[in-house]
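Annotated features in TrEMBL:
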| type | residues | note |
| --- | --- | --- |
| BINDING | CYS13, CYS49, CYS83 | [4Fe-4S] cluster 1 binding site |
| BINDING | CYS161, CYS165, CYS168 | [4Fe-4S] cluster 2 binding site |
| DOMAIN | 4-120 | domain 'MTTase N-terminal' |
| DOMAIN | 147-376 | domain 'Radical SAM core' |
| DOMAIN | 379-441 | domain 'TRAM' |
Amino acid sequence: MSTRRFYIYTWGCQMNEHKSEGMAGVLARAGYLPADDPAHADVVLFNTCMVREKPVHKIISEAGVIAQLKEKNPTLLLGVGGCAAQALKEQLFRKSPAIDFVFGSANISQIPELIEQARARRALGKPGWVMAVDKIPDKIEDLPFLRASRFQAKVTITEGCSNFCSFCIVPYTTGLLRSRLPGDILAEVSELAAQGYKEVQLLGQNVDSYGKDLKDPNITFANLLRALTEIPIPRIRFTSSHPQDITDDVIALFGEENNICEHVHMAVQSGSDKVLADMRRGYTTEQFLQIVKALQERGVNVTTDIIVGFPTETEEDFQETVDLVKRARFGGAFIFKYSPRPGTIAYYKYRDTVPDEEKQRRLEILLALQKQITDEENRKCVGQTVEVLVEGPARHPGFLMGKTRDNRTVVFEGSSDLIGELVHVTITEGSVAGLAGQTSSGLYTFAGQGPAKMKPTRSVQAKLV
């Protein structure tokens with residue numbers, strides 16, 4: 001019998017990406033190999049997200065694509081996991097007949113068993129319709145990870161969240177805060193360092209809450225980070241931070257020489273104190289800006305998330321958000337229109353009264369403002385020589401892209417043998433698209449628009465589309 005293959009679609013955050021590595025590891029342990037295309041797979045998995053409404057619609061749309069593949073390959077199975085599976089359960093079968101099995105956030109290790117159950121039902125001419133969605137456990141599931149990179153690794157330190165922001169579905173789909181023991185985290189990162197990994201990203205819905213559920217005053221996120229600085233791995237990143245929970249001890253670590261990268265992603269969500277209170281965020285705009293100032297004074301690039309069109313957001317509230325963005329000068333921002341999520345506090349407490357066209361207007365205003373700020377902040381990097389972890393090829397042949405310690409994208413000329421290595425690049429240009437730079441071998445520029453144009457000079461030049 002030929003080796004069976006799998007293909008995984010992933011929606012959502014870095015934690016979902018890491019969960020997909022766990023799904024891949026479980027299937028690899030069962031003898032499956034990755035497929036390069038869903039058309040070549042025996043099993044397709046959807047690892048889903050429920051944070052916003054659009055990804056849920058995308059699930060059903062993509063299930064229709066898989067249904068077409070099933071017409072050519074009747075033995076192909078489709079399984080759905082992640083947050084949507086945890087929340088919607090058997091409703092997914094009614095939304096798309098192409099779905100054969102559904103598995104919850106605590107049932108990833110059961111995927112091979114569910115595949116066989118669905119396959120047996122299909123052999124009898126029945127729909128797959130196999131489901132395993134258990135209650136979220138008290139501990140994080142231990143999975144074998146098939147990592148997507150040989151030099152960058154994701155490491156979960158917490159799952160779940162106990163903050164219950166009024167708009168957020170996360171506590172309902174991922175459970176309350178659960179922290180891994182520090183010894184387990186340190187052992188995993190030490191092993192990754194021994195394997196030659198250059199960068200580890202610590203993951204949690206709210207990393208700053210790490211340890212609060214363990215009831216030991218010595219187990220804190222700051223103490224975990226300090227312990228990780230003793231491990232010989234060049235880079236430690238983390239995401240995401242919460243303004244309510246980040247501490248002075250964590251901020252102080254950025255003022256020291258260590259392997260903690262100078263980037264913090266910390267969602268502000270709104271610049272209006274009234275809206276923040278309605279969102280149950282637990283801080284004011286001035287408190288948030290004080291944290292941003294303390295981080296930026298230590299050379300930290302702060303990025304954020306913002307929601308526009310929350311039900312209680314007036315035009316005055318929105319203008320306060322515009323003002324906050326101007327004052328904070330984020331390195332980047334993910335900006336979204338409010339999407340009511342069934343089951344959340346806001347869904348039952350507030351009517352979604354802001355028209356979609358008004359949400360779109362506010363979104364476009366903030367996007368334009370943030371693009372201007374990102375462009376200006378990136379231009380300030382010109383002339384600096386920065387450390388870059390080379391992640392892969394850039395859009396144009398002969399060029400590479402990577403990330404600085406503060407999480408800015410850099411494009412420069414180089415050969416593929418540099419992928420996975422740390423190199424020093426002198427920044428020659430900054431724009432909203434990122435940074436362009438040169439090593440001793442060449443130069444990349446962002447000038448202009450349109451197709452790339454190469455000039456056969458000593459320092460290769462190009463235009464970014």
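Glycine too: its Cβ is placed from the backbone N, Cα and C atoms.
Any TrEMBL annotation is an automated prediction that lacks curation.
Keep in mind the model is a prediction, meaning the values are calculated, not measured.
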The one of CYS13, CYS49, CYS83, CYS165, CYS168 whose CB sees the fewest other CB atoms within 10 Å, among these binding-site residues: CYS13
Any further residue of that chain within 8 Å (Cβ to the Cβ centroid of CYS161, CYS165, CYS168) of the recorded [4Fe-4S] cluster 2 site: ASN163, PHE164, PHE167, ILE169, VAL170, PRO171, GLN205
Cα separation, CYS83 ([4Fe-4S] cluster 1 binding site) to CYS168 ([4Fe-4S] cluster 2 binding site) (Å, whole number): 12
Other residues, Cβ within 8 Å of CYS13, CYS49, CYS83 Cβ centroid ([4Fe-4S] cluster 1 site): TRP11, GLY12, MET15, ASN16, THR48, MET50, VAL51, PRO55, GLY82, THR173
DSSP state at CYS161 ([4Fe-4S] cluster 2 binding site), helix/strand/coil: coil
Mapped DSSP class for CYS83 ([4Fe-4S] cluster 1 binding site), helix or strand or coil: helix
Helix, strand and coil counts within the domain 'MTTase N-terminal' (4-120) (DSSP): 63 helix, 23 strand, 31 coil
Separation of alpha carbons, CYS165 ([4Fe-4S] cluster 2 binding site) and CYS13 ([4Fe-4S] cluster 1 binding site) (Å): 18
DSSP-derived helix, strand and coil totals, residue by residue, for the domain 'TRAM' (379-441): 4 helix, 36 strand, 23 coil
Confidence summary for the domain 'MTTase N-terminal' (4-120), mean pLDDT rounded: 94
